[in-house]
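Let me give you the structure first, and then I'll get to my questions.
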Amino acid sequence: MNPRRKSRLSVIIFVLVGITIAASLVLYALRQNIDLFYTPSEVIYGKNDDPSTKPEVGQRIRIGGMVVEGTVERDPKSLKVKFDLNDIGPSVTVEYEGILPDLFREGQGIVAQGVLKSPTVLEASEVLAKHDENYVPPELDAQMQKVHKPMGVSDLKTESERDRQTKEQEGQQ
């Protein structure tokens, strides 16, 4: 190999090694923030029941679960709210000060983002209510109920008035 090719090859190898080292350092620095989402069980036991993957106290995390029935406590003098979240295991207490979303209620799925104050308490800075794809805002639902007759599953299984009229017209011809 001539000296010119050797120098080009060494420059290319040097650049590739530099890029690899830089990418590794960035990923190492961000590894705590790459996976922000936890379930209450993962906060308590760690991901895949590995205690080394539990979030640390003071770490900013996002947690999702169901609001436990009967645990919502509201402070009458402020906007402070305290409630428990769980999935299939233990629950985590969430403390939040602010206006909760309209969809927030006991038994509803939510996602809270905040700082872990203790191994089982999250001080939330944001609370988001989860809903399914069939969600209709309450105001719009009330308007639709006034204007349109609700259609249940049983209505879909029976003949409609138009189908009956069409059959009658075909029978008369």
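Every residue, even glycine, has its Cβ placed from backbone N, Cα and C.
Per TrEMBL, topological domain 'Cytoplasmic' is recorded for 1-8. Residues or ranges marked as transmembrane segment by TrEMBL: 12-30. For 30-173, the entry in TrEMBL reads topological domain 'Extracellular'. Per TrEMBL, the feature heme binding site maps to His131, Tyr135. The region 'Disordered' annotation in TrEMBL covers 145-173. According to TrEMBL, the compositional bias 'Basic and acidic residues' annotation covers 156-173.
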Taking residues 6+ outside the topological domain 'Cytoplasmic' (1-8), which of them lie with a CB under 8 Å of any CB in it?
none
For the topological domain 'Cytoplasmic' (1-8), what's the mean pLDDT in this predicted model?
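Here the mean pLDDT over the topological domain 'Cytoplasmic' (1-8) amounts to 86.
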Looking only at the topological domain 'Cytoplasmic' (1-8), what are its DSSP counts of helix, strand and coil residues?
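With helix first, then strand, then coil, the topological domain 'Cytoplasmic' (1-8) has 6 helix, 0 strand, 2 coil.
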